[in-house]
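Engineer: Okay, so Swiss-Prot annotates it like this:
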- T10, G11, S12, I13, G36, R37, N38, N120, E122, G201: NADPH binding site (BINDING)
- K121, S147, E148, S172, H195, S208, N213, K214, E217: 1-deoxy-D-xylulose 5-phosphate binding site (BINDING)
- D146, E148, E217: Mn(2+) binding site (BINDING)
Amino acid sequence: MKKIILLGATGSIGTQTLAIIRENPEKFQIVALSFGRNMERGRAIIKEFKPKMVAVWHTRDRVILEAEFPNVKFFNGLEGLREVATYLDGDVLLNAVMGSVGLLPTLDAIEAGKAIAIANKETLVTAGHLVMRAAKEKNISLLPVDSEHSAILQALNGENTERIEKLVLTASGGSFRDKTREQLSEVTVKEALKHPNWNMGNKLTIDSATMFNKGLEVMEAHWLFGVDYDDIEVVIQRESIIHSMVQFVDGSFIAQLGTPDMRMPIQYALTYPDRLYIPYEKEFRITDFSALHFEKVDYERFPALKLAYNAGKIGGTMPTVLNAANEIAVAGFLNGQVAFYNIEALVENAMNRHTSISDPDLDTILQVDQETRAYVKTLL
């Protein structure tokens, strides 16, 4: 039985992870977890899964829960996340928190010898060189939870990675894929949160609409698979049936197909290289799709993706700036402070004023992250 530490238990990935564990109690046990502010959902999870250790964000929530669950050890804040991530009894850390707050817990878990299932792409975006170096030194497996990277991992199974011609990441195009740049000036938060194919959290859904999410995934793929940015291509695949592909030097492609359901890559990360049965409401049949559609990305329509490629190629602290600026800009949009079409402009502004620092250490990354957030907040 694998003992799981789950960071971000009440979020979209966390909820679907718990569904898998609920279906397979003989294979998995939740021994520690974290959640943010959703106390009602968090209480229910603690009651059902009976973790031994829990981290919440606020001190007041920790105090309340300590009184309700005297047999559980509680922590709070970033230090709480770090405590939970290194819980001695855990085998696998599944990091499903949103944002760069996931970086330090991941590094701590690697140092503690945990296997890592990574859904927190910001960890690799901001500090991929540090994370991959630490994982290599500790001989730790780093398995992707994102559907695109899981698809690539499956396509590469047994293949010689030196024979890769390029990686092809697929994208749905998000909520506004059929709108022009001019039409984006009037879109609302409610409209932006209606993703055509996937059920995701708010921040991730907005990132999908701007294509910043795909940009972060390009950087994640660069680190996970050691492929140059010029050899990573993004294409629009409207149906979200082909989750990603690998092209090899002989011109052949290997793709992974399936229903757009995050339980598939989650279970693969937890069971790799094995697989589990997943009960779907509707069986996936390839014959239900008379055609699959592919489109080139229009970088004028989706400037966020171009910014992400530029940040990745510049390297150093520039990806940290892009990520931090985007997190603040998206929060501003969700709170009604920023128009949707201004999200990219805020990120570009932050990148233009920053001189990248090459091969940054952890302290430098954290400092640049905080400085960028503070700067972008002044622009809201």
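Keep in mind that glycine also has a Cβ here, set from the backbone N, Cα and C atoms.
If you look at the structure here, what lies around each of the features I listed?
Structural biologist: There are 22 other CB atoms within 10 A of the CB of T10 (NADPH binding site), with all protein chains counted.
In the structure as shown, the Cβ atom of E217 (1-deoxy-D-xylulose 5-phosphate binding site) sits within 10 Å of 28 other Cβ atoms.
Using a 10 Å radius centred on the Cβ of D146 (Mn(2+) binding site) and all shown protein chains, the other Cβ atoms total 26.
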Engineer: I want the residues beyond D146, E148, E217 whose C-beta is within 8 angstroms of the mean position of the Mn(2+) site's C-beta atoms, in chain order.
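Structural biologist: Near the Mn(2+) site, beyond D146, E148, E217, sit K121, P144, S147, H149, S150, L169, K214, E220, A221, S244.
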Engineer: What number of additional C-beta atoms lies within 10 angstroms of the C-beta atom of S12 (NADPH binding site)?
Structural biologist: 19
Engineer: What are the sequence-distant neighbours of E148 (1-deoxy-D-xylulose 5-phosphate binding site), meaning same chain, six or more residues apart, C-beta distance under 8 angstroms?
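Structural biologist: Non-local contacts for E148 (1-deoxy-D-xylulose 5-phosphate binding site): L169, T170, E217, A221, H243, S244.
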Engineer: Filter the binding-site residues T10, S12, G36, N38, D146 down to the ones within 10 angstroms of K121 (1-deoxy-D-xylulose 5-phosphate binding site), Cα to Cα, kept in sequence order.
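Structural biologist: Close binding-site residues: D146.
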Engineer: Across the listed NADPH-binding residues, T10, G11, S12, I13, G36, R37, N38, N120, E122, G201, what is the farthest Cα to Cα distance, given in whole Å?
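Structural biologist: For the residues that bind NADPH, the greatest Cα distance is 22 Å.
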Engineer: Measuring Cα to Cα, how far is G36 (NADPH binding site) from N213 (1-deoxy-D-xylulose 5-phosphate binding site) in Å?
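Structural biologist: So the alpha carbons of G36 (NADPH binding site) and N213 (1-deoxy-D-xylulose 5-phosphate binding site) sit roughly 22 Å from each other.
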Engineer: Count, for each of the binding-site residues N38, K121, N213, the other C-beta atoms lying within 10 angstroms of its own C-beta, and report the residue with the smallest count.
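Structural biologist: Least crowded of the binding-site residues N38, K121, N213, by Cβ count within 10 Å, is N38.
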